[in-house]
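**Student:** Checked Swiss-Prot, it gives:
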SIGNAL    1-20  signal peptide
TOPO_DOM  21-136  topological domain 'Extracellular'
CARBOHYD  43  N-linked glycosylation site
CARBOHYD  67  N-linked glycosylation site
TRANSMEM  137-157  transmembrane segment
TOPO_DOM  158-511  topological domain 'Cytoplasmic'
BINDING   195, 196, 197, 198, 199, 200, 201, 202, 203, 216  ATP binding site
ACT_SITE  320  active site, proton acceptor
C-alpha cells in the first residue's frame, strides 16, 4: 500500500514538472536531410532539434521533395517554426495538385519520417435533371436577362478600356499579376528579419528553399506604389546586371489585412549608404562602384526598340535616385533598386503620374525645388542626373586615394543644413545660393579624383540642359580609370593643371 502511494506521488510530481516545463519551452525533434549538404557545408542527414522559448510559438517538422516521372527526389527535411498550415497535423501530407516542389509539415517528434501526397479531391453531387418543360421555361425566361447583362458588361468593358492606362488604382481593382515565376507559391518561404524600412513599407530578408531573397511588403493603402513598381519590373528588357532582379509579386491576406509583396534578389551588403557609413573605398573600388552605377542608370534611361526578343523597352526615369536605393553585390557591383516612383515614357502613351515634387527632398534638383519642371522625358532624366552627381560626391568623400584625411560619412548638404532639412532650407541653399557639397583641396591633387570632380560638377549643373547623360558619365569614368591606372604610382602628377590636359568625352548630352 505504501509503495503504491509513493509511486502515485512520483508520477503526479513528474507530470507537474513536465507541464510547467512545457509552458516555458517547447522542444521538437525532426528527421533531418539536406540534398545540398556538400554545397551548404552541413550534415547530409540525422536528427534536428529545435527549442522555442515563447509559449505562443508552435514547432513543426517538414519535408520537401520532387517527383521526377515517378522517381521521388528528396530535397530537405527538418524543423519548421510556427506555421498555422501545420497545426494539429499528425502526418506529413502534401495536398497541392501538382507543384514543382512538394511540401508538407506536421506536429510531433519525427512525424516527417514518412511523407505522402494526397491531393484534395472535389466531390461531385449529381442532381436530378429537370424535365423538358421546366427546362424550356427557364431558357425562355433567362435568355433576355442574360443577353441584357452581357450587353451591359460589354459596354462597361469598352468604357474602362478607353480610359488612360495609368489612372488611380482603386482598392477593389485587381489589375492582375504578371505571369507567375516558377518560384511563386512554392514553400517554404520564410521571413527571417527586417533589413530596412522605407516610405512605402519594409524589406525583409527571407529564405525560399535553398536561397535567400528580399521581400518588400507594402501595406494595402500603398497599393499604387506596389502596382507601379511591379509594372516597372515586368516591363520588357528590365533584366540587366545593374538592375535589381525581380522574382515575383504576390498578394497575401484579404481586405484591410491584405499585404502586397514584391520578391526580389537579396544582396547581403545592403545599400550604398550603409556600406559607405562603415567602410572606406579604394581608388579601384570607387571606379567599379561608380562605373557600374552609371551603367545601370544609363540602361534604365535608354529606349531600346527590340530588347533581347522581349519587345520594346521604353526609357524610364527613376525619380528617387539616391545612395539608399543603390545596392551592392559582394564584388561591389552597383544594383539600382526601388522603382516605386519610376515612370515610363512609351510612344503614343501618357507617362502616368508625373507629379513634380516627388522623391527624397535632399536629392531634389533645383527645378524640382522651384516647381518649374518641363514635363517631358528629357527633363525627368536630367533630374536623375542631378541626384547622381550627389551620390558620386558621397562615394568620393569616402575614398582613400587622395593624400589626406577621410572624413566620417555625411549625406549631401548635411554639413550645410543638417540631417533633416526643410524644403525651404534646400530652396535657399540649392536654388537661390546655388551651393553644392564641397570638394576637399586634397581631392583635387589626385589626378583621378580631380577629373571625377569635374564630371560631378557637370552632373549637378544648375542648368538642367547642361547636365551630362548617364552614358557619358559611364564613359568618362572608364577613361579616367584607364588614364590613372595606366601610370605607375611614382609617375602620378598631383597638380590640378595636369588634369585639364586630359581629353574627356564631350559634354554633349545624349539625353
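Just so you know, glycine gets a Cβ as well, placed from its N, Cα and C.
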**Student:** Going by Cα-Cα distance, pick out whichever of the recorded positions 43, 67, 320 is nearest to residue 201 (ATP binding site).
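**Tutor:** Checking each of 43, 67, 320 against residue 201 (ATP binding site), the shortest Cα distance is to 320.
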**Student:** At a 10 Å cut-off from the C-beta of residue 197 (ATP binding site), count the other C-beta atoms across all protein chains.
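**Tutor:** 9, counting other Cβ atoms within 10 Å of residue 197 (ATP binding site).
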**Student:** If the ATP site is taken as the center of the Cβ atoms of 195, 196, 197, 198, 199, 200, 201, 202, 203, 216, which further residues of that chain fall within 8 Å of it by their Cβ?
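**Tutor:** Checked against the 8 Å cutoff, the neighbours are 217.
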**Student:** Could you put numbers on the helix, strand and coil content of the topological domain 'Extracellular' (21-136), residue by residue per DSSP?
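**Tutor:** Here the numbers are 16 helix, 49 strand, 51 coil.
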**Student:** Counting only other Cβ atoms and using a 10 Å cut-off, which of the binding-site residues 195, 199 scores lowest?
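**Tutor:** Sparsest of the binding-site residues 195, 199 by Cβ contacts within 10 Å: 199.
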**Student:** Which of 43, 67 has the fewest nearby Cβ atoms, counting only those within 10 Å, among these glycosylation sites?
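**Tutor:** Counting other Cβ atoms within 10 Å of each of the glycosylation sites 43, 67, the minimum falls on 43.
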**Student:** Rounded to a whole angstrom, what is the C-alpha distance between residue 67 (N-linked glycosylation site) and residue 203 (ATP binding site)?
**Tutor:** 33
**Student:** Tell me the Cα distance separating residue 199 (ATP binding site) from residue 320 (active site, proton acceptor), rounded to the nearest angstrom.
**Tutor:** 11
**Student:** Sequence gap of 6 or more, Cβ distance under 8 Å: name the residues on the same chain that satisfy this around residue 203 (ATP binding site), in order along the sequence.
**Tutor:** 194, 195, 196, 197, 214, 215, 216, 217
